[in-house]
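Structure first, then comments.
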């Protein structure tokens, strides 16, 4: 079992523990670390790795693990490209979320949502479970086609309400409320979950590696792959559904309370609210389910169970 997964098992048992770890691991300053520094840190972790049966007390050791968690893929042991590391997720998606939320024309909405889903889909693919090896051209081609199809479909679905409203000149206040305030949140949440499920579908088609408590690989399970993908898709839906819905509620309350008196101040206040919600929801969504996922013996395939007497098995959920 990779050192990152051992760390999550030891330090991330509860939601609160995972939230605190992600709050530190998502620090954008970690993106400034060089590849050589990441490699040295990773090597020191592997050399001095302990069983991690007890919480780490050494602050320097915890910082080393945080850099490893934010920069190294636990299945491939490779350094993740800078733009697709977890600390880069908010700086990249924040402007895309803000721009997407203020569009009034279907074409513009389609373009920005296409860009948004392209990045989040690529992030999902890079940070998914590494068991389905992309060495065969057929698998690479399948993932690219599924990703492109999911991105295009999601962008079309996101822009469809605006296109419908503009096409039929539905400008009444009720339609404006539904299309511009109420629909974006559930649509973006559902399409975000959809893109995760599509681009990571090889994981539940081919299965992912499951390990015993000692870190030994005991087999490849489709059921574990399905569980990992569904958990990640649900967490992504909660992240972006809430990020689009909660700012609308907060802005409505602020306007009703006349907290923002100048119309010119509404734009900056709205951006600050969206930034605050996204910053708070990102570690929440990443922490909803354990990174080192657990699956019970009764939930695995018979061919895996026949080779071991273990009762609990673990896998890398991915992000």
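Each Cβ is built from the backbone N, Cα and C atoms, and glycine gets one as well.
Features as listed in TrEMBL:
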type	residues	note
TRANSMEM	110-130	transmembrane segment
TRANSMEM	150-170	transmembrane segment
TRANSMEM	182-199	transmembrane segment
TRANSMEM	233-254	transmembrane segment
TRANSMEM	266-289	transmembrane segment
Outside the transmembrane segment (110-130), six or more residues from its ends: residues with CB under 8 Å to it:
73-76, 80-81, 84, 86, 89, 92-93, 96-97, 99-100, 103, 143, 147, 150-152, 154-156, 158-159, 188, 191-192, 195-196, 199-200, 203, 208-209, 225, 228, 232, 236, 315-319
Compare 150-170, 233-254, 266-289 by their Cβ pairs under 8 Å to the transmembrane segment (182-199) and return the stretch that comes out on top.
233-254
Distant-in-sequence neighbours of the transmembrane segment (266-289), which means Cβ under 8 A and at least six residues beyond its ends:
12, 15, 18-19, 21-23, 26, 86, 89-90, 93-94, 97-98, 101, 231-232, 234-236, 238-239, 242-243, 246-247, 250-251, 254-255, 260, 317, 319
